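Copied over from TrEMBL, here are the features:
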TRANSMEM  25-49  transmembrane segment
DOMAIN    41-291  domain 'G-protein coupled receptors family 1 profile'
TRANSMEM  61-83  transmembrane segment
TRANSMEM  103-121  transmembrane segment
TRANSMEM  142-165  transmembrane segment
TRANSMEM  198-224  transmembrane segment
TRANSMEM  236-261  transmembrane segment
TRANSMEM  273-293  transmembrane segment
Amino acid sequence: MKNRTTATSPGFILLGFSTHPAAQLGLFFLSLLLFLLILLGNLTIVLLAWTDSVLLSAPMYFFLGHFSLLEMGFTSVTVPKLLADSFSSCHFISFAGCATQTFFFIALGSTECALLAVMAYDRYVAVCRPLRYLQEMRPEMCAQLVAGAWLSGFFNSTAHTAAVFQLSFCGSRVVSQFFCDLPPLLRLACGDRMASEAVVLMFGSLYGLTAFLVTLASYARVLFTVLGMGSTPGQYRAFSTCSSHLAVVGLFYGSAFSTYLQPVSARPASQALLLPFFYALVTPTLNPFIYSLRNREVKQALIRALGRKLF
């Protein structure tokens, strides 16, 4: 009789990257370094965006503060378990723990998708309709946009998680990844998984593609407007900022779409672990520097904060 994993049974085994001690040690220090950089960079942005008197008045930094908060949560869902498993011979996770990890990973990732669209729309209004910016991006509207991003992200995750964890899991309980995620879990499911795959693909397509198209359309309009400004310092600054943002958007959506918008049956079982590692750790490490720490206003806010501490 095959082993059957349900809400009352033991759980799963996470595959991880390597069983070689030297490789595990190297992975531990690399993951720890990236994790600390993510926490330090994003926590700095959150504190500056929500405490500095100058940044508090700018809607863009209100959104960046929430985005940085999401990045810390998004990474904290998976990395602590990865670090703990680096020195363990059994990478076990309970059924409830796996479901919880999956839920929050999808919820925070989905919220990031929505917030990226909100941030792109903010830049569109600022560059293309500057006279209406203060009216359209008033504080109550910004709060509503952020609340909508959070609520929609958690709703999207609820649909995904419910669709997958109502299935039974037979035979092998080895998840071919270092954390619980939808594609490897669907591969382990027994019985008819077509309906669950359809739900995951439908919600992922509707949610992810809608947010992506809003983001892309907003930045495209910004680029057209910037290119029509003529050769000015303002044009260079706006173009540089927009290009940096688009680089992060491309990294985020490229890895997400290649993972979630491909049917499980069309994905090889031996899929490399590098892609999940990339969007779980590498992209969140780059985001604080690309979005904010290269920004003049953020640097000035950091100098003011350090000045208050020192003097």
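Any Cβ shown, glycine's included, is placed from N, Cα and C.
Counting Cβ pairs closer than 8 Å to the transmembrane segment (142-165), the top stretch among 25-49, 61-83, 198-224, 273-293 is 198-224.
Tertiary neighbourhood of the transmembrane segment (273-293): same-chain residues 15-17, 31, 34-35, 37-38, 41-42, 44-45, 61, 64, 67-68, 71, 74-75, 78-79, 176-179, 181, 244-245, 247-248, 251-252, 255-256, 258-259, 299, selected by CB-CB distance under 8 Å and a gap of 6+ residues from either end. Counting residues 6+ beyond its ends, the transmembrane segment (103-121) has Cβ neighbours under 8 Å at 60, 63-64, 66-67, 70-71, 73-74, 77-78, 145-146, 148-150, 152-154, 156-158, 160-161, 179-182, 207-208, 210-212, 214-216, 218-219, 222, 245, 249, 252-253, 256 in the same chain. By the Cβ criterion (under 8 Å, sequence separation of 6 or more), the transmembrane segment (61-83) is in contact with the transmembrane segment (25-49), since 3+ such pairs are found.
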